[in-house]
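Undergrad: First the structure, which I've put down as structure tokens, then a few questions once you've had a look.
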Amino acid sequence: MIIRSPEPEVKILVDRDPIKTSFEEWAKPGHFSRTIAKGPDTTTWIWNLHADAHDFDSHTSDLEEISRKVFSAHFGQLSIIFLWLSGMYFHGARFSNYEAWLSDPTHIGPSAQVVWPIVGQEILNGDVGGGFRGIQITSGFFQIWRASGITSELQLYCTAIGALVFAALMLFAGWFHYHKAAPKLAWFQDVESMLNHHLAGLLGLGSLSWAGHQVHVSLPINQFLNAGVDPKEIPLPHEFILNRDLLAQLYPSFAEGATPFFTLNWSKYSEFLTFRGGLDPVTGGLWLTDIAHHHLAIAILFLIAGHMYRTNWGIGHGLKDILEAHKGPFTGQGHKGLYEILTTSWHAQLSLNLAMLGSLTIVVAHHMYAMPPYPYLATDYATQLSLFTHHMWIGGFLIVGAAAHAAIFMVRDYDPTNRYNDLLDRVLRHRDAIISHLNWVCIFLGFHSFGLYIHNDTMSALGRPQDMFSDTAIQLQPVFAQWIQNTHALAPGVTAPGETASTSLTWGGGELVAVGGKVALLPIPLGTADFLVHHIHAFTIHVTVLILLKGVLFARSSRLIPDKANLGFRFPCDGPGRGGTCQVSAWDHVFLGLFWMYNAISVVIFHFSWKMQSDVWGSISDQGVVTHITGGNFAQSSITINGWLRDFLWAQASQVIQSYGSSLSAYGLFFLGAHFVWAFSLMFLFSGRGYWQELIESIVWAHNKLKVAPATQPRALSIVQGRAVGVTHYLLGGIATTWAFFLARIIAVG
């Protein structure tokens with residue numbers, strides 16, 4: 001730690017009224033670009049307008065101005081998020097059966113959307129139980145509302161109105177901090193202050209206030225709900241906050257107030273700050289007292305973390321010093337210069353954040369089922385499947401975005417002249433070794449993982465089950481995964497005193513939690529089938545990484561096109577007379593990476609969906625016999641490609657294909673429509689630009705003949721635009737097809 005003389009205290013960090021508010025200017029399409037503002041000559045204009053509207057780098061090269069635009073846009077984004085949240089809460093208040101669900105969450109499905117009868121769509125209002133007809137929702141909002149202690153639709157109304165107020169506030173802030181008081185570049189680059197505020201403020205105080213809310217509001221209300229008290233009889237949230245005796249009836253240590261805290265007698269609080277592990281047998285969710293304890297602990301960690309960096313007082317860490325000290329014996333200059341990169345290139349910063357957030361989102365997907373945090377979430381199979389799928393897709397997109405912005409950084413912001421022998425330079429200098437090794441790994445994984453399946457299909461086809469890789473013939477047990485499971489199953493009591501169960505029931509240990517005759521969670525057995533599909537996961541992930549990383553490392557130059565940096569982030573080919581140089585731009589790598597990301601995530605969510613239906617989800621009889629939805633067929637069926645097609649895709653598609661005439665029929669229509677959207681994408685991906693330009697010429701000829709030719713000349717999409725439209729519809733069609741397939745199936749059988 002370096003002690004320096006304190007910086008001068010007062011800095012003027014904003015410019016007043018830098019840019020006037022002008023509706024006239026905003027009304028002109030393309031006002032941000034001299035070329036686009038001239039108006040359209042050809043139909044390409046509308047595409048360029050969309051491509052460049054948010055590409056602030058193309059509007060100006062002034063980093064301060066770009067930073068202000070990004071900052072202002074963030075407020076706009078927050079405003080939209082608040083508006084969306086408000087809509088969710090409003091639907092809960094106005095169109096939902098939340099209060100009925102609260103009284104009987106095991107037999108009543110959550111619904112917050114009622115279809116109006118216009119041409120017979122009221123068939124979609126299925127009976128979700130308790131005499132309510134509507135569309136079953138799978139977003140998990142009901143469970144999170146119960147966990148936070150919301151007991152009435154009035155409370156949902158109030159929250160919805162509050163969110164609207166915040167949306168308006170954010171909209172105002174976005175305008176204010178661009179037009180009235182715009183921060184200077186130095187403010188955006190003051191990373192220590194930013195870290196302190198984000199760590200201590202957002203994460204620290206945010207977690208602390210949530211922990212406080214849980215202890216004072218959620219826990220007592222959930223105590224009453226679990227005991228079967230009618231929600232209308234439960235005291236209102238403010239009564240618990242204002243009247244300590246009310247809480248003391250539930251948690252006697254409340255009578256002592258803050259005394260145990262200041263006398264370090266903290267064990268007094270162990271009634272409502274617990275470390276139990278496992279699930280609450282009443283709700284099938286994590287113990288809310290464990291969750292409150294967790295948020296309190298997280299708050300303390302982040303409050304400390306928020307006081308670590310040097311700002312106006314000459315004490316604490318400086319990020320630049322930390323980075324420059326970060327050298328190993330084989331890494332040359334190490335992280336020297338990284339500080340400058342991350343404070344002058346927002347693409348580099350964004351890339352890092354997207355990679356982290358994408359990975360974190362995928363971690364969330366896995367925790368949501370292994371450690372279901374909200375009451376009655378684990379037994380709502382449709383919601384569980386939706387949450388897993390949603391977080392997997394989002395994580396995949398964010399990680400591809402990380403590669404995209406890393407490549408944009410390389411093309412637009414990387415300055416090779418002042419980068420020598422630091423880590424990035426060294427990685428770029430041995431990129432051939434990295435990419436060729438990664439390519440070898442992909443080939444190895446691809447042939448071996450699919451080879452195991454093809455072997456099984458062949459043996460199965462020839463009627464030789466004894467020669468297949470399976471739990472009953474040649475076993476390939478995932479021994480490392482089983483060892484990890486076993487270690488965690490035996491961990492309680494060692495990790496924390498008083499912990500009664502392991503962090504997740506999925507580890508093992510024979511415990512099963514069922515709520516209302518439905519399995520919430522039980523130990524998940526892993527076998528040969530999982531070993532096989534996990535190697536497919538390894539294969540698809542490595543190929544995605546290969547494509548994306550090649551795009552980043554060869555974004556500026558390659559043996560084929562040494563001057564690639566001059567061509568920009570996206571270009572179709574390296575000009576006329578250079579055949580074989582198409583699809584090499586950094587943008588094209590993102591484009592190709594998206595398809596493999598789609599492959600990778602699809603295999604993951606298929607694996608999850610089938611595995612859970614086969615080995616976890618199901619009903620339990622009074623005698624304690626568990627009947628799984630697909631009767632444990634995963635281990636024997638998923639070890640051949642044919643099994644995946646026959647027993648997963650085909651067998652489980654029957655619900656969506658046969659949904660016509662029922663309340664699930666919308667999923668049948670979506671299944672059909674999304675297939676069409678997907679097929680439509682192929683038209684853009686398989687044909688070249690010339691084909692369409694030729695077609696357009698003859699259509700224009702016909703218009704001229706009839707004297708109805710438009711002033712704006714029609715043009716075929718550029719090669720890059722065509723690919724963009726293609727991949728968009730490919731992903732949209734594929735994801736919506738999967739969505740309809742999953743939901744129709746799980747709502748019907750779950």
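Placement of Cβ uses the backbone N, Cα and C atoms for every residue, glycine included.
Predicted, not measured: the structure shown is a model, and the values here were computed from it.
OK, Swiss-Prot features for this one:
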- C573, C582: [4Fe-4S] cluster binding site (BINDING)
- H675: chlorophyll a' binding site (BINDING)
- M683, Y691: chlorophyll a binding site (BINDING)
- W692: phylloquinone binding site (BINDING)
- 70-93: transmembrane segment (TRANSMEM)
- 156-179: transmembrane segment (TRANSMEM)
- 195-219: transmembrane segment (TRANSMEM)
- 291-309: transmembrane segment (TRANSMEM)
- 346-369: transmembrane segment (TRANSMEM)
- 385-411: transmembrane segment (TRANSMEM)
- 433-455: transmembrane segment (TRANSMEM)
- 531-549: transmembrane segment (TRANSMEM)
- 589-610: transmembrane segment (TRANSMEM)
- 664-686: transmembrane segment (TRANSMEM)
- 724-744: transmembrane segment (TRANSMEM)
Undergrad: Among all the protein chains here, how many other CB atoms are within 10 A of the CB of C582 ([4Fe-4S] cluster binding site)?
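TA: Excluding its own Cβ, C582 ([4Fe-4S] cluster binding site) sees 14 Cβ atoms within 10 Å.
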Undergrad: According to DSSP, does Y691 (chlorophyll a binding site) fall in a helix, a strand, or coil?
TA: helix
Undergrad: Work through the binding-site residues one by one (Y691, W692) and point out the residue whose CB has the fewest other CB atoms within 10 angstroms.
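TA: Among the binding-site residues Y691, W692, the sparsest Cβ neighbourhood within 10 Å belongs to Y691.
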Undergrad: List the same-chain residues at least 6 positions away in sequence whose Cβ sits under 8 Å from the Cβ of M683 (chlorophyll a binding site), in sequence order, or say none.
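TA: G726 - these are the non-local Cβ neighbours of M683 (chlorophyll a binding site), listed in sequence order.
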Undergrad: Under a three-state reduction of DSSP output, how is H675 (chlorophyll a' binding site) classified: helix, strand, or coil?
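TA: Its secondary structure by DSSP: helix.
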Undergrad: Which residues does C573 ([4Fe-4S] cluster binding site) neighbour through Cβ under 8 Å, counting only same-chain ones at least six apart?
TA: T581, C582, Q583, V584, I719
Undergrad: Tell me the Cβ contacts of H675 (chlorophyll a' binding site) under 8 Å, same chain only and six or more apart in sequence, or just say none.
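TA: In sequence order, G733, T737 meet the Cβ cut-off.
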Undergrad: Considering only Cβ pairs within less than 8 angstroms, which of the stretches 70-93, 156-179, 291-309, 385-411, 664-686 has the most against the transmembrane segment (589-610)?
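TA: That would be 385-411.
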Undergrad: Under 8 Å for C-beta pairs, could you tell me which stretch among 70-93, 433-455, 531-549, 724-744 has the largest tally with the transmembrane segment (664-686)?
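TA: Looking only at 70-93, 433-455, 531-549, 724-744, the most contacts with the transmembrane segment (664-686) come from 724-744.
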Undergrad: Could you pull out which residues elsewhere in the chain have a CB under 8 Å from any CB of the transmembrane segment (531-549), counting only those six or more residues past its ends?
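TA: Beyond its ends, the transmembrane segment (531-549) has Cβ neighbours at 399-400, 403, 434-435, 438-439, 441-442, 445-446, 448-450, 452-453, 456, 469, 476-478, 481, 589-590, 592-593, 596-597, 599-600, 603-604, 607, 638-639.
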Undergrad: Secondary structure at M683 (chlorophyll a binding site) (DSSP, helix/strand/coil)?
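TA: Going by the DSSP assignment, M683 (chlorophyll a binding site) falls within a helical segment, counted as helix.
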